[in-house]
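The next block holds one structure in the form of structure tokens; read it before the comments.
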């Protein structure tokens, strides 16, 4: 946990430095390098924060994961609002041709459609002159926010609560020793009482090979694992590959889809669709915090994937309705909102909360968000805007199919047993209802 907290602090510091440097980049290669560093740091934060919540809270991790991803969505909704006051309404560079360039901006926006993304050569935009944009302040504000978050993490690392989280099993042992009233009632059965005391006081065993950050990559931890152990990892990652990919491609291309025929939505109105989508993702994650306390993660994921599939089907049926486009966008945001944390909690519950599944699932989700955007962009460019909804329908169907396979492999996955081999990656040490540690 200490290593993870330090990694989170270093990643926050790296993002702050990147945000401070971006306004100073005058070369696209330098900008690409610093953006790559920011991507690595954000991936580190995403993976470690999810993994540690799972390992610390285990059965209760679903609620904390929902809260974590609510703030992810809240940040995605808040960040554009921070940048908006610093964005220029006209061209960012002043020159003699500024007036002509400003008058051409509406025509340029209308030309930014998937079929002709680079056909802007006939517009004369000034590339040299005095820069008048203030967007640098937005990056510096975000850099300060990240520095403050990193400072909070550094302070938390020395707090008593942090020290308690480092040894949760020790405190669990102490509490069971102090509150073990049943042992006192067994005074008349000394032999059994001695056996119980010996069992309780035995230090809990920990699965070998899971003591460091790179334990998931060690092949010795997979020896003797059943095929369902790997199948659960793969199917879970494929579900998130599809659902997180839908989040990326829908938020990235819904504006382009709306402004084209047959809808031909006004550009300013179409600009509200991505904000509406992320707003309902944030709202859905907020609602999911109390819901996850009452509902099992598996049930929540089932509702999510079915809801995504039905929403895309209705969007295809009512593809000529602007009103339903807004309604469908809101519904899609709600159904996609809790898919990631719910599936993460469900998969880790199957695999006994070792944290290795978290790395696989986060990686699958990130790859899906990247690949599906590229794929959908190419398809829209070749086939037209209607293929945008068709792609979403296909991805939703694949997500539902992969989730059905995950449920199947869960049923095939071996149940926890006290006589399992201590070195098996399928069965780490767990604590039963009586407070005794077993395998």
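Keep in mind that glycine also has a Cβ here, set from the backbone N, Cα and C atoms.
Predicted automatically and left uncurated, TrEMBL annotations should be read as such.
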Would you please say which range out of 194-217, 386-409 has the annotation transmembrane segment in TrEMBL?
386-409
Can you work out which residues elsewhere in the same chain, 6+ from the ends of the transmembrane segment (324-346), have a Cβ less than 8 Å from its Cβ atoms?
50, 54, 61-62, 65-66, 68-69, 73, 236, 239-240, 243-244, 246-247, 250, 254, 258, 263, 265, 273, 276-285, 287-288, 291-292, 296-298, 300-301, 303-305, 307-308, 311-312, 314-315, 318, 357-358, 361, 365
Stretch with greatest number of CB pairs under 8 Å, the transmembrane segment (386-409) reference, 61-82, 137-156, 229-257, 269-287 candidates:
229-257
Under 8 angstroms, Cβ to Cβ: which one of 61-82, 137-156, 269-287, 358-380 has the largest number of such pairs with the transmembrane segment (229-257)?
358-380
Which stretch from 30-49, 61-82, 299-318 shares the most C-beta pairs under 8 Å with the transmembrane segment (358-380)?
30-49
